[in-house]
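Worksheet for the structure shown next.
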Amino acid sequence: MTSFNFSTWPPQLTPEQLEALTLAATTYALSHGLLYLPPSQSPSNTQPRIPTTAIHAPLSLIPTPFPRAQFQAARELQSVYNVLYARVAMDTHFLDAVMGAEEGVGKADEFTGTLWRGWKKIREHGALAQPLHLGLFRSDYLLHTAEDRLALKQVEFNTISSSFGPLSERAAAMHRNILASTSYFSASPHLTADNFPENSTTSGLVEGFSKAHEAYGVRDARILFVVQPNERNVFDQQWLEYELLEKHQIHVVRQTLADLAVSASLDPSTHALILTSPTNSSPYEISAIYFHATYTPSDFPSPSYYDTRFLLERSRAIKCPSLPLQLAGGKKVQEALTRPGVLERFFNNEGAKWGARALDLTAHAADIRATWMGMWALDSEDVDIAAALDHLPDAGQAQGSVPPGTRLARLKAPSLVLKPQREGGGNNVYREAIPAFLDALPTEEREAWIAMEMIETPRGVSAYLVRASPSSSGTDNGSIEKKVVRVEVISELGIFGYALFGEGEVVEREVGWLVRTKGTESNEGGVAAGFSVLDSVVLV
């Protein structure tokens, strides 16, 4: 078997073929709910947006090539990651040490510290009414080129607001439809049906919700989606709602934190979360809470918003995620797991029936470690980092009291990315921008950042990217300009999974995948943040 040449992708198309594929893709997207709301002309944080127009989500015309072996490996590892992060969330001592405001990153990062202090106060008052946690996870990967070989490397592990499962399922279906209708004009022998894997992420994620609802034990209760005001990615969430109602007869209530400050209360005897609604005379009991907000400081414009978040945490509803599970998704946890012996600590099998299948976790420790790039904390005084400095040129220059972790980041800046404890895209610092950033970074904030070796993706891979954006003509006539560009790209694979867990057995499963593709000129990968497009894979 000959190796795939990434620099030959995508196959050549005539202008007429490109136009036909663009028409097929955008028509399919508009017909099948692969949609966004356009940017609001007059945003409001108090009134829900009533859709009057929609645009197709940004998308790729041809799926991106991905090695079959690495695709399968990523899917097989998801159950191991599901269990790992369930165990991290249950380890209060570990989270206090790594993410807390007394001895962890919460000292330097006010947002993380506020969440941790709220969780600690709830614990100390014995107000944790619900022992179960629900995680809807996504593990994100890039292909890494090293010594002429491709390796699967993890970018991050998401424990909150793991978006784009339903829309990515529809992006994969769009590519299969184009293949069936056009055969992609026989442009490549790789574009065949057996190289287009199925994607059923929507039903898999909803399975996690339904299991949490069943575990709660009140059939007529509803699931609460906590959303951001003026959410553009509403259709991705609506597909989850439709599946819950149509397949499981479970209703969903959507409210913002501002809404909940007025509508939410706890039953004094059962701690059930009760919501009132202006459209319903009877209040709703909530079985599970899906946080599609609360992962960024901008979701908390005043302290009262944190009060509302902590009220929800004290309820008997099953949180997705709970505060400890949200903290477990921090970049500092990702870095801490790479330290010697830490992963193995979580992989012992003492006294717990972890996993829907019998997983020999210790046998997978090497496989998990193989997906990690080197990373360390900027405030690290680790002797291994100090030893690494001894082998680098210019390392002996006077640095005063600068810790070895920061010194190493400065010296290796061209091959690094710095990451804070933030989700949502647009927060990282890359390569040549690092030295100036370190010069301006206050000493007390170093602990909030980690350094990670850059994943070096295959070069020369291109794609046809299709965006839809409001007309730039200056007239507000609702017209849409479609832009098709061929650019060199980087594609990121995300694997979805869920875990419902507590002190006993965890119920978990890998449930699907997504691909996000961006131009190489963009360092970030968030579709909602405007940096990338939805894609799927052709296995090679």
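The backbone N, Cα and C atoms fix where each Cβ goes, and this holds for glycine too.
What TrEMBL says about a protein is an automatic prediction, not a curated fact.
The model shown is predicted, which means the values in this text are computed figures rather than measured ones.
Record features (TrEMBL):
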| type | residues | note |
| --- | --- | --- |
| BINDING | R138, Q237, R516 | substrate binding site |
| BINDING | E156, N158, E423 | Mg(2+) binding site |
| BINDING | E156, K331, 419-428, Y430, 452-455, E492, K518, E524 | ATP binding site |
| DOMAIN | 222-328 | domain 'Glutathione synthase substrate-binding' |
For R516 (substrate binding site), list the number of other Cβ atoms lying within 10 Å of its Cβ atom.
24
What is the interatomic distance between the Cα atoms of N158 (Mg(2+) binding site) and R138 (substrate binding site), given in whole Å?
5
Relative to the Cβ position of P420 (ATP binding site), how many further Cβ atoms are located within 10 Å?
20
Is it possible to list how many residues within the domain 'Glutathione synthase substrate-binding' (222-328) are helical, extended or coil according to DSSP?
43 helix, 32 strand, 32 coil
Checking the spread of the substrate site as listed (R138, Q237, R516): what is the longest Cα-Cα distance, in whole Å?
18
Integer mean pLDDT for the domain 'Glutathione synthase substrate-binding' (222-328)
96
Rounded distance in angstrom between the Cα atoms of Q237 (substrate binding site) and E423 (Mg(2+) binding site)
18
Relative to the Cα of M454 (ATP binding site), which of the binding-site residues R138, E156, E423, R516 has the closest Cα?
E156
Restricting to the binding-site residues E156, P420, E423, G426, Y430, K518, which ones have a CA within 10 Å of the CA of R138 (substrate binding site)?
E156
Could you state the whole-number distance in Å separating the C-alpha atoms of E423 (Mg(2+) binding site) and R516 (substrate binding site)?
16
Determine, to the nearest whole angstrom, how far the Cα atom of G426 (ATP binding site) is from the Cα atom of E156 (Mg(2+) binding site).
14
The sparsest Cβ environment within 10 Å, among the binding-site residues E156, G426, K518, is found at G426
How many whole Å apart are the CA atoms of R516 (substrate binding site) and E156 (Mg(2+) binding site)?
14
E156 (Mg(2+) binding site) to P420 (ATP binding site), Cα to Cα, whole Å, comes out at 12
Number of other Cβ atoms within 10 Å of the Cβ of R138 (substrate binding site) across all protein chains
24
I'd like the Cβ neighbour count for Y430 (ATP binding site), meaning other Cβ atoms within 10 Å of its Cβ, all protein chains included.
15
